[in-house]
Ligand SMILES: Cc1cc2nc3c(=O)[nH]c(=O)nc-3n(C[C@H](O)[C@H](O)[C@H](O)COP(=O)(O)O)c2cc1C
């Protein structure tokens, strides 16, 4: 595929070198089009050597080849990373003062922007309006990650990890549907930890890979994603707002608050069923003698609570609301996960009936199965009877099956 990598003048321009490598090493032909300001951060020789193509920011070089039209028209994808506040504004307003903005005006292929800037610039009304304009024209604008910015400051505005931008671009190239555009989804991922004392906890083997794949694919399909991540060390998925939690109580609070106006909640996190009845304030020492037994108490069942809250809200609907159908009550679709070591389907069916969710993804777990692996196999049980088998494959594939089923259930 022919990819145009637009690079604008932000401090994260150096990270685009890695994005370029990811494209070229997977067989894509990449033409880099930097802005003049981008060349102050990373020079043309770097882009030319890494891409194998000449590099210019101007429409006046190699004019006989009419690059200001030809590059955009010949592209299968244009990705601008990092996209400065300035380049977003120029693209939104159709300005064409350099080769990159000419290319954006002549491209008929999908366009992806990966903005990076200081939080104040990202949150400014002008930038918000420019992003909305670009999205309304069909461009994919990946929300920046939160984290360390140019100086000592932190906040939303950081360029997502190049590998995450690359994955988002591959999804756009593969023509994934944008059927979750305008939908608000909440995904929980990872595994909760229950403290025994300040240094020890009871945890589980969940890596967060499946939840992160769900968040990444939902964002690629256009959803506004809140990812509630419990103890996950993976790179932030491009385009998701992340809330980090540790314990089940924290995860419950974050999920319930984010799901109040959500269209979809997917509970992919492995939530501890039990926690120690009490937490020691100081580290339990070997010298304290024989350890005392740890008494466990039950944690709240968040999936059942989501289902119960929705059931109660549906019952309380006024006659007028009821005419809008059960879909009037958020979350419109609730998806649970069941990790089972034996009697997988029977346990899954029983859990689906008990929890009041719409879909239940059932998978077998154990050593080398599901936890921490790149792939997964599962059965998705649908309330009402259907069961969809998903053969072993990348966790993104399972995620896409889940979103297909979810999209079909959204009003
Ligand atoms: C050290 C430094 C870092 C900058 N980082 C960013 C940035 O991350 N995002 C941004 O929007 N602008 C940033 N700017 C401001 C842009 O470089 C400036 O708006 C420039 O006009 C952008 O031009 P371009 O969009 O044509 O590349 C930075 C400027 C400097 C001097």
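Cβ atoms are placed via backbone N, Cα and C, with glycine included.
Among 273, 343, the residue that TrEMBL places alongside 283, 300, 301, 302, 303, 337, 351, 355 at the CTP binding site is 273.
Neighbour density for residue 355 (CTP binding site): within 10 A of its CB lie 22 other CB atoms from the protein chains shown.
Counting every protein chain shown, 13 other Cβ atoms lie within 10 Å of the Cβ of residue 273 (CTP binding site). Reduced to three states, the DSSP call for residue 302 (CTP binding site) is helix. Counted over every protein chain shown, other Cβ atoms within 10 Å are most numerous around 337 among the binding-site residues 300, 302, 337.
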